[in-house]
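Data block below; observations after.
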Amino acid sequence: MAKGKNKTSEESTNRTRTSNGHKSKQHHIRKGRQEAGAATTKNGNFPVKLAMWDFDHCDPKRCSGKKLERLGLIKNMRVGQKFQGVVVSPNGKGVVCPNDLEIVESNGAAVVECSWARLDEVPFNKIGGKNERLLPYLVAANPVNYGRPWRLNCVEALAACFAIVGHIDWAEMLLENFSWGLTFLKINEELIQVYQKCTDSESVTEAQENWLKKIEEEAKERKERGQDEDIWMMGNVNKKDRIDSETDEDTDDEENEVLARSGRNVKYDSLGNIIPEDDDEDEDEDEDESSEEYDNLGNRIEKVKYDSLGNLIEDEEEESEDEESEEEVYDSLGNLVKPNVQYDSLGNVIENVSKMTV
Ligand SMILES: C[S@@+](CC[C@H](N)C(=O)[O-])C[C@H]1O[C@@H](n2cnc3c(N)ncnc32)[C@H](O)[C@@H]1O
């Protein structure tokens, strides 16, 4: 009997549901395609099994996992189902390594399609499998988290897994479906080659640590060199301060992107969250200084105002800023939860919502 023919109709209906139990939009699309007689083979002819648990957190138009599903490349898993191959997951313990080649070749690879900001809603104990892995340091090329280490999207995560075990051909096959896809392999080329030469999980972690040390030293050198050169090359120093403080008003993702590209010493934890640096206070002080104004004799212009009786008029703007910063709340992943501001999955602001995670 052909594989899958003995499934009950309920089982096959469940396969077209997302991990939340909702009927996948793809169910309807696929059904339409099948009715039209289009040939859809298992995994769209991809050499190994690809799977995902989809928690429907993301905008389907921008979601790389959903796109792989639309292409017929990836299979949806239910909560409660386990996967035999390598599961690339934030819940992994060791990192993907070349020794995983055999598992990948015989059983494929899977990912967890969910929002980075909502990992605490994912029932990791009911999904996954016995080969759950983290990815080592690699930099995202997708438009949402471009330049951000560790925070790969689903197609990048699968491609990274294949590339590390030595199947760069499979990585390319997946990424070719995305306009920015092959950039991921380009920006990580050297590092992928480093990982490919390793053996087990420990050796990949060691290679990662050495790489991080190297880029940290390079960044330090650039910073030192930059300071020497800046004074001659930057021209209007005040202009630079203004650009820095404008950046502070950007959204988290934009800010991280700018920081990551700037070569400043940004540190991340293994899930790509920015670790606040000790010198944050200094930065704040710098910002305050940059907002000070001087008259043309170099005297500081006091920003305080007085009424006609000589009483101090409080600066309303500053007051409301203070109030806002007091209200800042962070979720369990260290993401800022901003009151009255909601962002869509690309970080665009959606107005007038009471509270949400950025
Ligand atoms: C959090 S989802 C975000 C998906 C995104 N919305 C998209 O369009 O693909 C990304 C998934 O890729 C895998 N992944 C990405 N980076 C990873 C890393 N550094 N370690 C382990 N898994 C990772 C995990 O399965 C993770 O759940």
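Placed from the backbone N, Cα and C atoms, the Cβ positions cover glycine too.
Note: TrEMBL annotation is automatic and uncurated.
The region 'Disordered' annotation in TrEMBL covers 1-43, 223-334. Marked as compositional bias 'Basic residues' by TrEMBL: 20-31. Under the heading domain 'RNase L inhibitor RLI-like possible metal-binding', TrEMBL lists 48-82. According to TrEMBL, the feature S-adenosyl-L-methionine binding site maps to Ser64, Val112, Leu135, Trp150. As annotated by TrEMBL, domain '16S/18S rRNA aminocarboxypropyltransferase Tsr3 C-terminal' applies to 86-212. Annotation source TrEMBL lists compositional bias 'Acidic residues' at 246-257, 276-295, 313-330.
Projection of TrEMBL feature records onto the structure.
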{"residue": "Ser64", "record": "S-adenosyl-L-methionine binding site", "Cβ contacts under 8 Å, 6 or more apart": "Asn142, Asn153, Cys154, Val155, Glu156, Phe178"}
{"residue": "Val112", "record": "S-adenosyl-L-methionine binding site", "Cβ contacts under 8 Å, 6 or more apart": "Met52, Trp53, Phe55, Val87, Ser89, Pro90, Asn91, Val122, Phe124, Ile127, Gly128"}
{"residue": "Leu135", "record": "S-adenosyl-L-methionine binding site", "Cβ contacts under 8 Å, 6 or more apart": "Val88, Gly92, Val95, Val96, Trp150, Leu152, Ala157, Ala160, Cys161, Ile164"}
Collapsed DSSP category at Val112 (S-adenosyl-L-methionine binding site): strand
Helix, strand and coil counts within the domain '16S/18S rRNA aminocarboxypropyltransferase Tsr3 C-terminal' (86-212) (DSSP): 66 helix, 15 strand, 46 coil
Additional residues surrounding S-adenosyl-L-methionine, by Cβ distance to the Ser64, Val112, Leu135, Trp150 centre under 8 Å: Val88, Pro90, Val111, Arg151, Leu152, Asn153, Cys154, Glu156, Ala157, Ala160
Residue distribution over DSSP helix, strand and coil in the domain 'RNase L inhibitor RLI-like possible metal-binding' (48-82): 7 helix, 8 strand, 20 coil
Local confidence of the prediction over the domain '16S/18S rRNA aminocarboxypropyltransferase Tsr3 C-terminal' (86-212), expressed as mean pLDDT: 98
For S-adenosyl-L-methionine: widest Cα to Cα gap among Ser64, Val112, Leu135, Trp150 in Å: 17
